[in-house]
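Here's the structure we're looking at; comments come further down.
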Amino acid sequence: MLYVIGLGLGDEKDITLRGLEAVKKCEKVFMEAYTSLLSFGLSDDGIATLENLYGKPITIADREMVEEKADEILSDARASDVAFLVVGDPFGATTHSDLVVRARELGIGVKVVHNASVMNAIGICGLQLYRYGETVSIPFFTDVWRPDSFYEKIMKNRELGLHTLCLLDIRVKEPSWESLSRGKKKYEPPRYMTINTAIEQLLEVVQKLGGSAYDEDTDCVGFARVGSEDQVIVAGPMKELLSVDFGLPLHCLVITGKTHPLEEEMLNTYRLNTNNDSNQKDDGSV
């Protein structure tokens, strides 16, 4: 049996009871580590905390293993119970759907244990979840690669009055272009896009395309470490969020569409000039 188990968004305590029971009875445990991370990242102490809770070792499954060596995971699942752990909910990334399809094609039983994900946790800012359009991903720009395909999706959402969730790039164990050109993989240091970088890139694209989907005065909501004890949520125009230090990863950004008065009331509690600081760090500071 292959168990695909959501871990939630914060730390080791966010796994469900059903998920924990499943992990404890599995012989092997893999943890996907490139679409998202728990609050402690991939630190030795953090992984050790999980291993102590589960009572068994964890194999970190990076992008290469999941996308190119999934047969190894599925081979183990043929003979025993295997847990595949996913930060957030199991189906927050298409890669995990592919793993489930391949398992079923091989006659391997699959059980899924759901959990909270960024897709619904962003509801904490007050923007109603059914008023969101298509989610977009913002990749890191490079000197030679500055994609802008996400702009059209944001524009369509805004034309319909819908909010847009922007998922920001995470690069963990990614081979450098230079090493690939030489035929020998050398991995870059981990990088996590900040809200500030995302806004800079968004504004660069709208200026390059001469579009009007958004500008520096467009209202947005920045989220850092959503679901964790020290989460930070700040609402305001892009130009204001550029100056906010959101702290450690992971970050995401929402570009607001047309807002209902109730949504506005909730957003106002997260603005920088509000007297209600509960939206920011637990100590009340930004």
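Along the chain as shown, residues are numbered 1 onward.
Including glycine, each Cβ sits where the backbone N, Cα and C put it.
All TrEMBL annotations are machine predictions without curation.
According to TrEMBL, the domain 'Tetrapyrrole methylase' annotation covers 1-241.
Annotation comment: TrEMBL describes LEU9, ASP89, GLY92, SER117, VAL118, LEU168, VAL226, HIS251 as S-adenosyl-L-methionine binding site. Non-local contacts of SER117 (S-adenosyl-L-methionine binding site) by the CB criterion (under 8 A, 6+ apart in sequence, same chain) comprise GLY6, LEU9, GLY88, ASP89, GLY92.
Contacts of VAL226 (S-adenosyl-L-methionine binding site) defined by a Cβ separation under 8 A and a same-chain sequence distance of 6+ are given as LEU9, VAL118, ALA121, ILE122, ILE124, ILE233, LEU250, CYS252, in order along the sequence.
Of the residues the record lists as binding S-adenosyl-L-methionine, namely LEU9, ASP89, GLY92, SER117, VAL118, LEU168, VAL226, HIS251, the two whose Cα atoms sit farthest apart are 17 Å from each other.
Under 8 Å, Cβ to Cβ, and six or more positions away along its own chain, HIS251 (S-adenosyl-L-methionine binding site) finds LEU168, TYR192, MET193, THR194, ILE195, ALA198, GLY222, PHE223, ALA224.
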